[in-house]
Structures are given as structure tokens and as C-alpha cells.
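A.B. asks: So Swiss-Prot has the following annotated:
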type	residues	note
BINDING	ARG101, ASP102, GLU117, ARG118, SER153, SER154, ASP171	S-adenosyl-L-methionine binding site
Amino acid sequence: MKICLIDETGAGDGALSVLAARWGLEHDEDNLMALVLTPEHLELRKRDEPKLGGIFVDFVGGAMAHRRKFGGGRGEAVAKAVGIKGDYLPDVVDATAGLGRDAFVLASAGCRVRMLERNPVVAALLDDGLARGYADAEIGGWLQERLQLIHASSLTALSDITPRPQVVYLDPMFPHKQKSALVKKEMRVFQSLVGPDLDADGLLEPARLLATKRVVVKRPNYAPPLANVATPNAVVTKGHRFDIYAGTPV
């Protein structure tokens with residue numbers, strides 16, 4: 001995959017070249033999307049809109065730390081949707097990991113989560129965030145036990161995963177409504193890189209075959225159900241709904 005690669009570390013140790021080789025990234029000087037290695041982390045930037053800033057994965061500080069400490073935890077909609085209750089903490093495959101937010105919420109609540117991400121740039125960002133998270137004195141221990149990354153396309157990988165999870169979680173990128181100047185800056189940068197998941201409808205069936213208990217699909221509240229398969233079961237919030245489908249028992 002082509003992207004502009006920028007090293008701002010000043011280290012001159014070739015770390016960015018190693019990273020590019022690992023994720024199959026090719027430097028393209030003219031690409032509007034840039035993957036930047038800073039002294040602190042790896043981040044994604046939209047070069048023609050510098051005011052949007054850089055996107056990076058941070059499980060240790062910032063919004064994620066706040067959500068871990070002060071968020072709803074087990075009471076969060078995603079936790080309710082996957083079925084966390086009492087001692088029941090399902091094993092989850094997050095088949096559209098993105099920046100890992102929902103996966104992290106579930107891991108924080110006690111679930112073991114395997115994240116699948118097919119885009120190599122996003123996978124590199126996730127891997128960078130995980131490495132810093134694993135090294136953190138406060139959360140590193142449980143994060144290593146509960147949150148893992150698999151770089152693969154869910155369309156093919158869902159049939160190969162073992163052991164089977166109790167829950168498969170899907171949050172496909174859905175095109176935002178027009179005139180959404182207020183779409184978060186981060187989402188604008190992210191969508192510029194990955195675009196909508198036009199093949200997302202193909203995920204529902206393999207997800208249902210893989211999950212032993214349920215499949216949870218996060219949708220904007222204005223979006224039709226995935227693959228146009230309606231379900232009466234959903235956890236609904238102000239802006240989203242978490243549609244719930246039966247899996248395939250062992």
C-alpha cells in the first residue's frame with residue numbers, strides 16, 4: 001500500500017523503514033495521507049488538512065484512559081450488547097477493529113478480545129498503540145492477556161479463527177450523511193484512508209457461523225441493518241444501535 005512515510009524522530013536508526021517493510025507500505029512522496037513516526041508514537045495525518053492533526057492509538061492516556069476510569073464500564077452499550085453479565089465475560093473477535101476503542105472497552109471490562117484489521121496502516125497504528133499499552137505499568141499486565149491484534153481481512157479470516165469466540169463484533173465504516181461538517185476530525189482523516197466498507201454485507205454470514213453465541217453489529221441509527229437482515233434484538237443509544245444476531249452453537 002502506498003502512503004507518504006515521514007520520520008520525525010531524528011534518531012536516524014531506520015525504524016520507519018523496518019516498520020514499512022513489516023506492514024508492506026511503500027513511500028509515496030505525493031500521497032495526501034502520511035504515516036508519521038514521531039518521538040512519542042506513530043500517527044496518521046491528512047497532509048492537505050494539517051489542522052485536523054494526527055491520529056494515533058493511545059490505550060494509556062487521553063480519552064481511552066478517561067473512559068476506562070470514568071466511563072460506564074460494564075454499563076456501556078457495547079458491553080451490554082455483547083452480553084456481559086455477572087461472571088459471564090465472553091471471548092470476543094472484533095472483526096472491524098479500526099482504532100480499537102470498542103475492543104479496549106470490552107477488554108477493560110474483562111473480556112478477551114482478538115482484533116482483526118485488514119488495512120495495513122490502521123494495523124500499524126493499532127500495533128504501535130498496543131506496544132505502548134503492553135509496556136505500561138498500570139494496564140500492561142491485563143492488556144497483554146486480553147487484547148491481541150490479527151492483521152487480516154475479516155472476509156477470509158473469519159472462517160479460520162480458532163478457538164471460536166462466543167461473540168463476533170462488527171462496526172463497519174458507514175458513509176456519513178452529507179453536510180456532515182461536524183463529523184469528528186478524526187473520522188474525516190480515517191475515512192480518507194479507508195473509505196466506507198463496501199463489502200461489509202459479506203461479513204454477517206461468516207460472523208454468525210464463527211460466533212457460538214451472538215453477533216453484534218454497531219450501526220448509526222439512520223443506517224439500514226447490515227446485509228438488510230433485520231433483527232428485533234438491539235441495544236439502542238442516542239446515535240447508534242447495536243443489532244444482535246444469533247450465532248451458531250458448538
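Every residue, even glycine, has its Cβ placed from backbone N, Cα and C.
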A.B. asks: Which is it, of SER153, SER154: the one of these binding-site residues whose Cβ has the most other Cβ atoms within 10 Å?
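C.D. replies: The largest 10 Å Cβ neighbour count belongs to SER154.
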A.B. asks: Three states by DSSP: which one describes ASP102 (S-adenosyl-L-methionine binding site)?
C.D. replies: helix
A.B. asks: Across the listed S-adenosyl-L-methionine-binding residues, ARG101, ASP102, GLU117, ARG118, SER153, SER154, ASP171, what is the farthest Cα to Cα distance, given in whole Å?
C.D. replies: 19
A.B. asks: When you measure from the Cβ of ASP171 (S-adenosyl-L-methionine binding site), how many other Cβ atoms are you left with inside 10 Å?
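C.D. replies: Around ASP171 (S-adenosyl-L-methionine binding site), other Cβ atoms within 10 Å: 22.
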A.B. asks: Determine, from DSSP, whether SER154 (S-adenosyl-L-methionine binding site) sits in helix, strand or coil.
C.D. replies: helix
A.B. asks: Long-range same-chain neighbours of ARG101 (S-adenosyl-L-methionine binding site), Cβ under 8 Å, sequence gap at least 6?
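C.D. replies: Correct list: MET64, ARG67.
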A.B. asks: Enumerate same-chain residues with a sequence separation of six or more from ARG118 (S-adenosyl-L-methionine binding site) and a Cβ-Cβ distance below 8 A; give 'none' if the list is empty.
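C.D. replies: Sequence-distant Cβ neighbours: HIS151, ALA152, SER153, SER154, LEU155.
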A.B. asks: Around GLU117 (S-adenosyl-L-methionine binding site), how many other CB atoms lie within 10 A of its CB?
C.D. replies: 27
